[in-house]
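These notes are about the structure you will find just below.
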């Protein structure tokens, strides 16, 4: 299973709010420039009022939660999973299977800021995470040009059937807190669209169910 977390709400603080007191004080407290820190709704809410599409931005915690679910799963540890993060600013983050994601959120934020600064982490030796410019369309084409989507309006399948469908597929999940994919073709061109619950789920919950179904199909549970 190759997971693609798409249009993820992770980015550095945009230039237009660098001078806002909420951003400036946070950067000063952390000993960094405003443009070197992640945009975070929990810390920068007052500054985000005028940002375009602000309700869907500043949620790096979504990426953190999804990576914790996926990277520590049996599916990944047995070599049956890979994950890519596509960001709303059209960056691609490739996470190698052996990468141990920090469980502490503040440590995760520092890791991601390092990744944005250097394009890789750690700075020396073999890279475990890499960041480069790239579109969602380009990534999906690179991964074979065929994918399925987890979406609240998708078709329901029995657990075993869902697991069999996901195990060897590229699986796209939205990495944003509200709304729908801005790239409508993600749904329109998907081979299938599946729902994993009777109501909308957070990205981490959807990924958890998808991983469990794929693990069951692989005989891991």
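Numbering starts at 1 and runs along the chain as it is shown here.
Positions of Cβ are set from backbone N, Cα and C atoms, glycine also.
Annotation comment: Swiss-Prot describes 174, 179, 196, 197, 198, 199, 200, 201 as S-adenosyl-L-methionine binding site. Residues or ranges marked as site 'Interaction with substrate rRNA' by Swiss-Prot: 59, 100, 103, 107. Annotated site 'Stabilizes Arg-59' per Swiss-Prot: 61, in sequence order.
Overlay of Swiss-Prot feature records on the structure.
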residue	record	DSSP (3 states)
59	site 'Interaction with substrate rRNA'	coil
100	site 'Interaction with substrate rRNA'	coil
107	site 'Interaction with substrate rRNA'	helix
174	S-adenosyl-L-methionine binding site	strand
196	S-adenosyl-L-methionine binding site	coil
201	S-adenosyl-L-methionine binding site	coil
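Cβ environment of residue 100 (site 'Interaction with substrate rRNA'): 71 lie under 8 Å away, each six or more residues apart in the same chain. By neighbour count, meaning other C-beta atoms within 10 Å, the densest spot among the binding-site residues 174, 179, 197, 200 is 174. Here the candidates are the recorded sites 59, 61, 103, 107, and by Cα distance the one nearest residue 179 (S-adenosyl-L-methionine binding site) turns out to be 59. Counting only same-chain residues six or more apart in sequence, the Cβ atoms lying under 8 angstroms from the Cβ of residue 201 (S-adenosyl-L-methionine binding site) belong to 152, 209. Reported as a whole number, the C-alpha separation between residue 198 (S-adenosyl-L-methionine binding site) and residue 59 (site 'Interaction with substrate rRNA') equals 24 Å.
Around the Cβ of residue 61 (site 'Stabilizes Arg-59'), the same chain contributes 40, 42, 105, each under 8 angstroms and 6 or more positions distant in sequence. Binding-site extent for S-adenosyl-L-methionine: residues 174, 179, 196, 197, 198, 199, 200, 201, maximum pairwise Cα distance 18 Å (rounded to the nearest whole number). Here the recorded sites are 59, 103; the one with the fewest Cβ atoms within 10 Å of its Cβ is 103. Ranking the recorded sites 59, 103, 107 by Cα distance from residue 199 (S-adenosyl-L-methionine binding site) puts 59 first.
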